[in-house]
Amino acid sequence: MKISKFSILLFVFFIFPITFAQLRVGFYNNSCPNAETIIQNLVSDEFESDPTITAALLRMHFHDCFVGGCDGSILLNSTDSERFVGPNLSVRGFELIDQIKAELEAQCPSNVSCADIMALATRDSVALAGGPSYNIPTGRRDGLKMNANGVFDLIGPTASVAAFLRFLGDKEMNTLDALALLGAHTVGVGSCDLFQDRLINLNGTGLPDPSMDSDLVTNLTTICAASDNPSTGLDRSTPLTFDNAFFGQIRARRGVLQLDQRLATDEATSSVVAQYAADNDLFKRQFAIAMVKMGAVDVFTGEDGEIRTNCWEFNDN
């Protein structure tokens with residue numbers, strides 16, 4: 001049975017009615033009726049020239065929501081902000097968010113939050129890459145503080161499966177959600193420093209990671225020796241297409257990141273990996289559900305927070 005956008009939202013709302021109490025689909029229908037169209041058009045223009053924007057926006061959205069909630073704090077541009085700490089130093093896509101915000105401010109000032117712009121732009125970029133199209137409840141407001149130290153709590157590429165599931169579980173994400181969200185690596189990119197040890201010296205052994213396919217070891221070793229700042233797609237077959245190929249690859253020992261590979265064999269996650277590898281529609285449906293749930297993590301609504309005039313700075317009030 002095909003699950004519609006409406007069915008997905010009904011399911012999520014039924015499970016999390018309090019979380020979504022003040023978020024709703026079409027929040028800007030009256031105050032800024034063209035908001036979602038403006039966002040969609042500008043994201044489409046960017047995607048046409050740079051299809052890797054999907055991965056960039058997904059990473060930005062994840063890193064925002066999982067550090068203090070989906071409040072747009074990652075967008076703030078100051079020396080002590082989340083934006084310039086640890087793994088966020090390689091987050092990109094800020095210029096597109098600023099461009100969208102400027103257009104929305106010109107048409108309906110002080111109406112659309114930066115947090116909502118990020119959520120909607122990410123959704124639209126996923127659809128453009130071949131992923132699911134789904135409705136997102138809006139009405140988030142922008143946060144009034146930063147949490148730079150919280151960036152270091154983000155799950156890294158060498159984390160254990162248990163730590164990964166616990167981190168997502170703390171945000172009300174179950175195993176299906178957690179693996180669906182990590183499936184965004186189907187369009188992800190990793191720099192060689194994130195997995196170099198798996199190629200030549202795993203845990204000080206002087207040998208490659210035996211859980212990695214030997215042909216992949218050879219291929220990645222060549223890529224990582226080719227330039228000063230090398231990187232590669234985490235999906236080795238369809239790196240610009242949002243599909244379930246990633247799950248088939250980690251089952252075939254072709255996961256680039258250590259955490260990704262562990263998911264295929266850990267007893268807590270291997271069956272879900274197999275399900276997603278076998279059913280592209282299932283993966284996409286669950287990804288949409290997980291994104292809606294993630295987008296409601298610790299949000300500001302109502303009179304809390306603010307609607308920033310510029311996404312990179314707090315309002316002067």
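Placement of Cβ uses the backbone N, Cα and C atoms for every residue, glycine included.
The record in TrEMBL lists a disulphide bond between CYS311 and one of CYS114, CYS192, CYS224, namely CYS114. When Cα-Cα distances from CYS108 (disulfide bond) are compared across the recorded positions ARG59, HIS185, CYS192, CYS224, the shortest belongs to ARG59.
Here the candidates are the disulfide-bonded residues CYS65, CYS70, CYS192. The one whose C-alpha lies nearest to that of CYS311 (disulfide bond) is CYS70. Of the candidate disulfide-bonded residues, CYS32, CYS65, CYS70, CYS192, CYS224, the one lying closest to CYS114 (disulfide bond) when CA atoms are compared is CYS70. Note on proximity: of the recorded positions CYS32, ARG59, HIS185, CYS192, CYS224, the one nearest CYS70 (disulfide bond) is ARG59, by Cα distance. With respect to CYS65 (disulfide bond), the closest of these recorded positions in Cα terms is HIS185, chosen from CYS32, HIS185, CYS192.
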